[in-house]
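The structure under discussion appears below in the form of structure tokens.
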């Protein structure tokens, strides 16, 4: 009797297992085991069988990566274990200081001998989007972005479309949360941009931007078409190890044994274990090193390889390898004490300076901008770069037609470093500052002793008007949600809005007719404008955009005078009576309100029903008059929230540390302000310390 063939269920299980193994060979080991055509044939066979037997289709089948129906919006996901960021190092001194802190702490805990060096696990710092994958009973249950570290966006449907992300793990704990990076290889990025351009669609500025934009598509079918990759580099919640796996014990201190929920006792060992489960782990360039010298050698070695890697990195990461030692070192603010990101310096490139144009800012500041032949630097294609001001152009001797060195300062703002003089052409031309504004034709003047030239057109100048309106609508001023740059451009270009007061006369009907504005958006914007008719007096004063008058100064002046009328009529002597207001600020306020047009705008605001509310007097506390400086990112409060609470308690907030500073409040990436505070003996608080000082 002939032996019966496999049942449909058995055939489907065999095909799935075979495809999963090929995926592991390809994405985890970077070692394809079959040609693409054979892999595609297996997928077609599986798709055909599942089409014949739809009752056998399960969510973890390789065929289910094609993408689900579009979403209306992303849901929120609360991370069971916060996704922390890392402290940064930018030079050798930072790395040596980190290694010393770690070694001193571990020696104090009896985990490191006096003649021993700390062993670190060194990894590449991938330049993509941080993601958390949650597996339950071995199946991918949820995927979320990092978000603010506490709460991210649910991108499960999109993550499922990435072929390198296993939908099922064999031998995994009951719950396993995997952290990693979604990115796009440079070659795939360039191919995607060519396709986008051929279709007349938006091109992306760099691989990270492309990866983030692809992952955050509301339609997973679009994400499925994008060449995304995933690499695991850490873990979050882990519990319920598989049966048969022995319990491992850690020794966080001599003579102390603690049962661990993890199967390995080193960071590198855990990454090996994740790879054994079938997760893609970027192990090729990872390495163990001892002490600061070893870390710096790794940094130098990877720096030389950086340009040859298929993907972008922006540094390397050092982690104490022993997990018991990590536990002893613990955390500070939003970063672990046992890990450090060592950033690469800003990248430089050479290109041609095609021309110099000027931009007009909110206060009329004229900024020269270099127009460049496109050049890829610091991870993006750069065509414009700042030249700061006329004096800088003269100092650097930059001329139109020069071959110039371009640097992405801080990896954000491109700047021209200087010319390559040996390549200067004979017809290179010196820059001549304009005498009239290119936008409104008003005279350009450069006040004595200032480096910045300015357009004298004021709000007559459309460029200044746009920037002034954008400033006024901002969160620290009138906080008009929905009134952004593109909308302001349309309103000013159409001559519908000539001053701040005109904003308050906008109707939902006319707003709905604008580009990218529907009826609902228009109604929401009108509602936001209505809410801004009773702002705090300080906010309205700040919204007017008076030069040298910042948020804190505006609030102090408002609190001192109590009404806009009294501020407008105040003499320079009266303004100087406001604490911390000097001659420059007092003179600027007087000149602003001496201009009839500016007083007219305030009157028009009143006619539109804008009635500022007096600033509340601060509660009488011991903080009255004390100056605080904020630096870094706090775990829970934004800088605006911390500022608001300090001001409400009668304190002041400054942007720089001095002998007059009462407290420095630090968060993640505190930087040079912390160093200066320590030099001056200024007390340093973290967020909890600030809350305690405020009695919260």
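Residue numbers in this text run from 1 along the chain shown.
For all residues, glycine too, the Cβ spot is worked out from N, Cα and C.
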Return the residue out of 122, 455 that Swiss-Prot annotates for the same Zn(2+) site as 437, 440, 461. 455
Additional residues around Zn(2+), ordered along the sequence, whose Cβ is within 8 Å of the centroid of 437, 440, 455, 461: 360, 364, 438, 439, 441, 442, 444, 456, 457, 460, 462, 463, 464
Residue 125 (active site, N6-AMP-lysine intermediate) has how many other Cβ neighbours within 10 Å of its own Cβ? 20
The binding-site residues listed are 38, 319, 437; by CA-CA distance, the one closest to residue 125 (active site, N6-AMP-lysine intermediate) is 319
In three-state DSSP terms, the structure that residue 319 (NAD(+) binding site) belongs to: strand
Using DSSP, tally how many residues of the domain 'BRCT' (618-696) sit in helix, strand and coil. 26 helix, 18 strand, 35 coil
Show which residues of the chain containing residue 146 (NAD(+) binding site), separated from it by at least 6 in sequence, have their CB under 8 Å from its CB. 83, 129, 130, 131, 132, 152
Between C-alpha atoms, which of these binding-site residues comes nearest to residue 437 (Zn(2+) binding site): 38, 40, 86, 319? 86
Note: in the chain of residue 455 (Zn(2+) binding site), residues six or more apart in sequence with C-beta under 8 angstroms of its C-beta are 360, 364, 366, 437, 439, 440, 442, 443, 444, 461, 463, 464
